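Sequence annotations record features per position, and here TrEMBL assigns domain 'F-box' to 20-57. Residues or ranges marked as domain 'F-box associated beta-propeller type 3' by TrEMBL: 107-372.
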Amino acid sequence: MADIGGKLICRRNDNWIKLDFVDDIISNILSRVPVRSLGIWKTVSKHWHTFICSPDFIGLQLSWSRENPIYIIYPYVDEIMTLYLLKANGDLEQIILPGFEDVPFPTMTCSYNGLICCINYACPSPKVTDVDIRICNPATRDVLLLPKGSPSKVEPTIGVAFGSRVNEYKVFRFFEKRIKKEDGKEDNELIETEVSWGFSYEDWESDSESNEEPPDCEIYSSITGSWRGIGSVEYRPMGYHYVCVNGIVYWFIGTKYYSTIPVSILSVDMEENFRTIDLPAEATEHSFLVDLQGCLLLIIVGDEHDHSLDIWVLQDRNESTWVNRCSSNIPIEANESVNSVSARKNELLFTTSFHYFIFNLDDKTWREVIFYAAGFDTDFSVAFSFTESLLPCNGILGS
């Protein structure tokens, strides 16, 4: 009898080993399936739904996707949030995010682990002092509207940091709080702002004795689902152009009198430690920050009469040490300007007023990307590196 029981136990263990082996094979196969197709698999059975939504599978799918990044392109439009995925073979896939039907002036600000951040003016007014913030997953069509932050006298500036845990992110929001007057009412005098891609700055007063106050900062955490104020900070970032590299957010900062030309960088990590980094003297107002495989790049483009290109790599964040990696000339026309720069593996994608160019960092060559998709407008668009993922926008795995 003991021998029979032992054989049954061994057979059961063998069966479990076989089942685990089969699950591993299925996991590896499904992790390479497009996210949209995985949505169909989830409807097959409760078991498949639970399996695909499990944290282990979400992490496995993300790991594979990181090794095969693509580009996500956002054309400038006013009434609809239409995105395009640029595949490695040059194909374009159109994505229309839900919940943006009545959203005015949406703008995409970052892309990381398959999640993107979109902001928009709360209303189409020249004196707007707030923005709505949405975290979106274009692959799953999931959209999360964050709760409102504190009232601000000027248009807030934001940046999103993504932590080492795939489900954790923090949104840093810089604003100027409204101060109550002697009669107890809030000071509702609004300060107009000028906005351009990459930079947004206040109409600074030229009087050196101006009582300009440092901005306040509050942080939204995907873990708590709420905002938390941390008081005033010393520097105000320049607009919505920022990048997250290894859990650290980087913005340009200027001076009070030269607010369109960056002179240094403001950085903050997931532990909320702020630091400034000096820039090379060659930096111009046509400068961009880019994440290249975990390294921070500074892309410096010449003015409209000089389309030179210099690429710098941050070698030491603590000592503000930069190394010039390479230089080139962008093959664009005299009346063109660069709208955005993004990176994928060993290449940089430059979107200009009318064209798309890819610069190969290994052999220093250029090639133009030409699209034949119907209805796609290449004028004045921006692009980001993108990895498809199943990550939920609220940061709750298994939801």
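Using N, Cα and C of the backbone, Cβ positions are placed for all residues, glycine too.
Residues of the domain 'F-box' (20-57) grouped by DSSP class, helix first, strand second and coil last, total 29 helix, 0 strand, 9 coil.
On the 0 to 100 pLDDT scale, the domain 'F-box associated beta-propeller type 3' (107-372) averages 84 in this prediction.
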